[in-house]
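Reading through the structure tokens given below for one structure.
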Amino acid sequence: MAVPLCTTIMRPDDANVAGNVHGGTILKMIEEAGVIISTRHCNSQNGERCVAVLARVERTDFLSPMCIGEVAHVSAEITYASKHSVEVQVHVMSENILTGTKKLTNKAALWYVPLSLKNVDKVLEVPPVVYSRQEQEEEGRRRYEAQKLERMETKWRNGDIVQPSLNPEPNTVSYSQSSLIHLVGPSDCTLHGFVHGGVTMKLMDEVAGIVAARHCKTNIVTASVDAINFHDKIRKGCVITISGRMTFTSNKSMEIEVLVDADPVVDNTQRHYRAASAFFTYVSLSQDGRSLPVPQLLPETEDEKKRFEEGKGRYLQMKAKRQGQVEPQA
């Protein structure tokens, strides 16, 4: 059963100039709900105290825009537990408090692992979950195995970095690519000294939004986020670089790869490392909120052309799923 965990009114600071709430703001609320319910569950039995840490966010679709003045209702439910991880399903509803109208805006699945409070590098066991039906556990196990495999593949695939380019041409990858450098302070972190997953996701969405806006020079909104993988913890005092680059465009959408690298500048024993990665999809909107055509991306290098084809494959796969079709396996 889903548990209500958060009710928040959306204010001007939460939205873009057109009044649409930033995708990163919603992602942050989703993660906060997930960490609350998973930490509660992981401490539900006597034993070593722990805190649940975000490991992965499955694809999140922005089903309907949320606007300034609306109230966001966030609820969460634990749907599966393996030995060392827990799956949380989160739903976000928006409410127009003048009319009472409610609508589903987001739903996401998140995976957390419990870390010991005595030693945050130690992963603890997760208490068992009581399932409402027999098939629920088997379905959850299949989701667990699938995300575990994809998370490992993504960790090895995302070894490259975003390189700057001088005098890039419009509509090229280099023209819109953007980076944000952020010093991790106490307000970004849990009581145990590492960054909240929601903080990281919000920064990732900001960079992706800048890339999208630079590419099409219109109002843009987050349409969906492919799986966000958290490869390693980011500790207080690190300098993080969030880099975004356009990978693919269809007629009305843009895919942007976002990479998060951490540099532990106060720790000489550790080198910089890849902390998180994801693909964000944005759409371009007119002033009255209608979808606009997206300028076509012009990949130049062989790597850019390869990433374009990979992005096209993801786009076609998701399009087929939305249409209820099954893509043939190669």
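Backbone N, Cα and C atoms are what each Cβ position is placed from, and that goes for glycine too.
All TrEMBL annotations are machine predictions without curation.
Over in TrEMBL, the protein carries these features:
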- N16: active site (ACT_SITE)
- D205: active site (ACT_SITE)
- 303-313: compositional bias 'Basic and acidic residues' (COMPBIAS)
- 1-118: domain 'HotDog ACOT-type' (DOMAIN)
- 174-288: domain 'HotDog ACOT-type' (DOMAIN)
- 302-330: region 'Disordered' (REGION)
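Per-class residue totals from DSSP over the domain 'HotDog ACOT-type' (174-288), listed helix then strand then coil: 26 helix, 54 strand, 35 coil. Taking the Cα atom of each, N16 (active site) and D205 (active site) are about 12 angstrom apart. For the domain 'HotDog ACOT-type' (1-118), the DSSP-based tally of helix, strand and coil residues reads 23 helix, 58 strand, 37 coil.
Taken residue by residue, the compositional bias 'Basic and acidic residues' (303-313) breaks down under DSSP into 11 helix, 0 strand, 0 coil. One residue stands out among the active-site residues N16, D205 for having the most other Cβ atoms within 10 Å of its Cβ: D205.
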